[in-house]
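Peer 1: Pulled these features from Swiss-Prot for this protein:
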ACT_SITE  ASP32  active site
BINDING   ASP32, GLU219  Mg(2+) binding site
BINDING   33-37, ARG45, HIS49, 77-79, TRP81, ARG83, ARG200, 206-208  substrate binding site
ACT_SITE  ASN80  active site, proton acceptor
Amino acid sequence: MFKKLFRQDGNILNSELAEDLPIPRHVAIIMDGNGRWAKKRFLPRIAGHKEGMDVVKRVTRYANAIGIDVLTLYAFSTENWKRPTDEVDFLMKLPVEFFDSFVPELIEENVRVNVMGYRENLPEHTMRAVEKAIADTAHCTGLTLNFALNYGGRSEIITAAKEAMKELVSEGKTSEDLTEELLNDHLMSHGLGDPDLLIRTSGELRLSNFMLWQLAYSEFYFTETHWPDFSKEDFLQAIIEYQNRSRRFGGL
């Protein structure tokens with residue numbers, strides 16, 4: 001089933017993209033609007049999260065189909081613990097259901113799972129599901145499906161700076177020896193590369209403490225569409241918009 005859909009999506013998506021223009025290597029998405037989607041339909045917020053999980057599967061398929069290397073999804077921030085307990089409990093159960101149902105298909109399509117964030121603070125059942133998904137797909141060499149789970153950009157930078165300084169001190173060096181490259185080596189996203197394109201759904205125009213270091217030169221794409229309604233056409237439009245931009249990285 002997954003292979004059939006994968007091939008269909010690949011044919012449709014690739015036929016719409018400019019062959020002579022690059023696609024983003026790394027796409028990051030702030031998946032926003034689950035609660036508002038549910039409210040519009042007089043449903044509980046968790047219904048929006050449930051629907052959003054299905055969209056994650058579809059968008060993963062789209063990204064894989066067009067040859068994106070890394071797809072990073074902002075799943076749960078360090079600030080999200082402030083939400084109502086019943087909502088947080090549901091969100092912590094979602095990875096278990098998601099990975100149980102989707103990992104076999106990911107393996108079939110050579111997709112590797114990665115999770116960045118403060119995993120040690122996750123509930124035990126969530127941690128087990130995460131670690132199993134990572135282990136089960138460790139041999140895969142295609143798309144990296146990277147989840148930011150219990151993640152905060154500011155905390156990540158502080159943690160990376162502390163680890164970098166420990167390394168320098170152990171080598172008899174000082175803060176004067178700290179470089180961007182060394183700090184980058186200690187970020188949770190090390191080895192994945194910086195996002196080329198950031199997509200945020202639901203019309204909000206902010207980063208919400210997401211990958212603050214890594215997004216320095218990323219292209220941003222904002223859409224009014226709530227995450228549960230985010231379609232193949234929405235994804236394709238974001239990629240086409242990226243293809244039509246000129247990235248200068250501070251130059252001319």
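Residue 1 is the first one shown; counting continues down the chain.
Using the three backbone atoms N, Cα and C, a Cβ is placed for every residue, glycine included.
The shown structure was predicted, so the numbers you read here are calculated from the model rather than taken from an experiment.
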Peer 1: Cα-Cα separation of GLY33 (substrate binding site) and GLU219 (Mg(2+) binding site), in Å?
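Peer 2: Approximately 21 Å lies between the Cα of GLY33 (substrate binding site) and that of GLU219 (Mg(2+) binding site).
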Peer 1: Hey, which of the recorded positions ASP32, GLU219 is the loneliest by Cβ count within 10 Å?
Peer 2: GLU219
Peer 1: For ARG200 (substrate binding site), which of these recorded positions sit within 10 Å, Cα to Cα: ASP32, ASN80, GLU219?
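Peer 2: Of everything listed, what lies within 10 Å of ARG200 (substrate binding site) (Cα to Cα) is ASP32.
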Peer 1: Say we define neighbours as other CB atoms within 10 Å of the CB. Which of the binding-site residues TRP37, TRP81 has the fewest?
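Peer 2: With the binding-site residues TRP37, TRP81, fewest surrounding Cβ atoms within 10 Å: TRP81.
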Peer 1: Please report the Cα separation of the residue listed as 'active site, proton acceptor' and GLU219 (Mg(2+) binding site) in Å, rounded to an integer.
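Peer 2: Given the Cα positions, the residue listed as 'active site, proton acceptor' is 25 Å from GLU219 (Mg(2+) binding site).
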Peer 1: Provide the three-state secondary structure of ARG200 (substrate binding site) computed with DSSP.
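Peer 2: SS state of ARG200 (substrate binding site) = strand.
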Peer 1: Validating a neighbour-count step here. Other CB atoms within 10 A of the CB of GLY35 (substrate binding site): how many?
Peer 2: 21
Peer 1: How many Å separate the Cα atoms of TRP81 (substrate binding site) and GLU219 (Mg(2+) binding site)?
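Peer 2: Counting only the Cα atoms, the answer is 29 Å.
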Peer 1: CA-CA, which of the binding-site residues TRP37, HIS49, LEU207 lies nearest GLU219 (Mg(2+) binding site)?
Peer 2: LEU207
Peer 1: Per 10 Å Cβ neighbour count, which of the binding-site residues HIS49, ARG200 ranks highest?
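Peer 2: Of the binding-site residues HIS49, ARG200, the most buried by Cβ count within 10 Å is ARG200.
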Peer 1: Test of understanding: give the count of other CB atoms lying within 10 angstroms of the CB of GLY33 (substrate binding site).
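Peer 2: Step by step: centre on the Cβ of GLY33 (substrate binding site), count other Cβ atoms within 10 Å, giving 25.
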Peer 1: Reduced to three states, what secondary structure does DSSP give TRP37 (substrate binding site)?
Peer 2: helix
Peer 1: Translate the DSSP assignment of GLU219 (Mg(2+) binding site) into the three-state scheme.
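Peer 2: GLU219 (Mg(2+) binding site) sits in a strand per DSSP.
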Peer 1: If one measures from the C-alpha of ASP32 (active site) to the C-alpha of HIS49 (substrate binding site), what distance in angstrom results, rounded to a whole number?
Peer 2: 10
